[in-house]
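Report on one structure; see the data block that follows.
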Amino acid sequence: MAAVDDLQFEEFGNAATSLTANPDATTVNIEDPGETPKHQPGSPRGSGREEDDELLGNDDSDKTELLAGQKKSSPFWTFEYYQTFFDVDTYQVFDRIKGSLLPIPGKNFVRLYIRSNPDLYGPFWICATLVFAIAISGNLSNFLIHLGEKTYHYVPEFRKVSIAATIIYAYAWLVPLALWGFLMWRNSKVMNIVSYSFLEIVCVYGYSLFIYIPTAILWIIPQKAVRWILVMIALGISGSLLAMTFWPAVREDNRRVALATIATIVLLHMLLSVGCLAYFFDAPEMDHLPTTTATPNQTVAAAKSS
């Protein structure tokens, strides 16, 4: 047994000094529970997690910014609320226009072009351009038809702008609203795999009208056969876009209901195109017909002959 004198307790103020004096010694560090270490090297796993959070954007600063952005969301009656619907670049607008002009069977227009960022910028300006294209082309068409007539006096009809604006914007907003309500109602009865929001439907209708802008310009040609060929081409392109886009939303429904829905969509689109052609281009201009005024001598002669 070891002698009592050998069993002596020693205070070690510094573990580093003790290790220097006796390299083979074993030291145990007993810390106060209430004391926190000042310098602790981070584990490799922790540093990797921080790097992943930084790359993925999952750190506290991003959460704080997200919560701050949610708190600053504007109410729907302010301009800032609708500003997000116009947050789209030129490339996206051109890409969606190209997709509306070249509908591909089996490819969903909403999933390919709209769903990632639905906008109102493209539909709004397409409708505005179409309004002026129809109104201006209608006036020019009327002028070219009566060109060379001595009794004809050209007077621009500005009321066509307001009439065209009412027709185009009512169609581009009221028809999607009615269709969205109908799809929501049918979706509550029959669970459809594909569903569209109101903004997505407005986008589809807005971009489907782009084909009528060059068509309205070509309607200036004073040939009825050419005009009807153009309207059939435009109707075939835009109508097929609408049919192929909304068919997946109704194909799970009753067969008759699905076919009636697609037929109604195409029929309303046909009424718009044919109605614009008939009213703004083929309507007879009665306001500019020459009016004859009877002279007093002619009135007396007519009275004697009677």
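Each residue, glycine too, has its Cβ placed from N, Cα and C.
Annotation source TrEMBL lists region 'Disordered' at 14-62. As annotated by TrEMBL, compositional bias 'Polar residues' applies to 15-29. Summarising the annotation, TrEMBL assigns compositional bias 'Acidic residues' to 50-59. The domain 'Yip1' annotation in TrEMBL covers 101-273. For 120-141, 161-185, 197-222, 228-250, 257-281, the entry in TrEMBL reads transmembrane segment.
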Range from 161-185, 197-222, 228-250 with most C-beta pairs under 8 A to the transmembrane segment (120-141):
197-222
Residues sitting near the transmembrane segment (228-250): Cβ under 8 Å, six or more positions beyond its termini, same chain?
100-101, 103, 105, 107-110, 179, 183, 186, 192-196, 204-205, 208-209, 211-212, 215, 218-219, 257-258, 261-262, 265-266, 269-270, 273-274, 277
